[in-house]
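Here the structure is laid out as structure tokens; the discussion comes afterwards.
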Amino acid sequence: MAIRRLFLFISMLAMACCCAIASDPSLLQDFCVADKTSQVHVNGFACKDAKDVVAEHFFFSGLHMAGNTSNKQGSAVTAANVAQIPGLNTMGISMVRIDYAPKGQNPPHTHPRATEILAVLEGSLFVGFVTSNPSNTLISKVLNKGDIFVFPKGLVHFQYNYGMDNAVALAALSSQNPGVITIANTVFGSDPSISDDILAKAFQVNQYTVNWIQAQF
């Protein structure tokens with residue numbers, strides 16, 4: 001009986017440890033304001049001395065301002081993560097504002113370190129994500145003002161403003177630095193370029209088509 005209880009305890013401890021390392025590091029003090037001048041390299045940022053911490057380290061102003069959507073995608077992302085708010089270091093959370101011109105989109109991308117929850121503030125969006133191999137199922141929904149949608153961590157997702165008016169969304173992410181991998185930019189815009197032989201075979205097109213797409217990036 002004692003051995004069985006010990007095994008159960010060890011199993012539960014192992015599961016707890018797995019959960020603990022699956023997201024940003026947990027706080028071991030009230031805060032750990034990022035010291036971006038430190039030469040110490042850790043998973044995140046070294047902490048400022050607490051006596052040097054001020055309110056501005058936890059503050060950012062800018063999400064009330066519309067982003068410039070005059071680009072090929074017709075969208076703009078205004079981030080509020082640890083790069084803008086040093087006080088977010090080790091907090092495991094960040095936010096973004098996303099502006100969409102009519103017919104604009106936030107193209108297919110992933111966040112390797114975060115789940116995202118998105119709320120529509122203005123306009124309407126068609127959103128979705130694709131499940132992993134082998135099913136590759138598209139889970140999609142039309143969102144209107146006040147609606148919320150969740151994009152699971154690491155899965156490819158997108159938002160598209162199909163309307164004739166501007167749209168605005170606010171999203172929270174479960175990491176101080178969620179990262180973003182835009183699929184088209186990564187595959188066709190890498191430096192140096194991925195061999196056109198590889199991409200032609202992967203996408204089942206000819207090399208001319210691959211070269212033409214790469215030229216767009």
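Yeah, the Cβs are placed from backbone N, Cα and C, and that goes for glycine too.
Note that the structure is predicted; figures quoted are calculated from it, not measured.
According to TrEMBL:
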- 1-22: signal peptide (SIGNAL)
- Cys32-Cys47: disulfide bond (DISULFID)
- 61-211: domain 'Cupin type-1' (DOMAIN)
- Asn106, His111, Glu116: oxalate binding site (BINDING)
- His109, His111, Glu116, His157: Mn(2+) binding site (BINDING)
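Taking every protein chain shown into account, Cys32, Cys47 are the disulfide-bonded residues, and of these the Cβ with the most other Cβ atoms within 10 Å belongs to Cys32. Rounded to a whole number, the distance between the Cα atoms of Glu116 (oxalate binding site) and Cys32 (disulfide bond) is 23 Å. One way to see the shell of the oxalate site is to take the Cβ centroid of Asn106, His111, Glu116; the remaining same-chain residues with a Cβ within 8 Å of it are Val96, His109, Thr110, Ala114, Leu118, Phe151, His157, Ala171, Leu173, Pro178, Val180. Taking all protein chains in view, 23 other C-beta atoms sit within 10 angstroms of the C-beta of His111 (oxalate binding site). Excluding the listed site residues His109, His111, Glu116, His157, the same chain places Thr110, Ala114, Phe129, Phe151, Leu155, Val156, Pro178, Val180 with Cβ atoms within 8 Å of the centre of the Mn(2+) site Cβ atoms. Cβ neighbour count for Glu116 (oxalate binding site): 22 (other Cβ atoms within 10 Å of its Cβ, all protein chains included).
Neighbour counts were taken as the number of other C-beta atoms within 10 angstroms of each residue's C-beta; across the binding-site residues Asn106, His109, His157, the minimum falls on His109.
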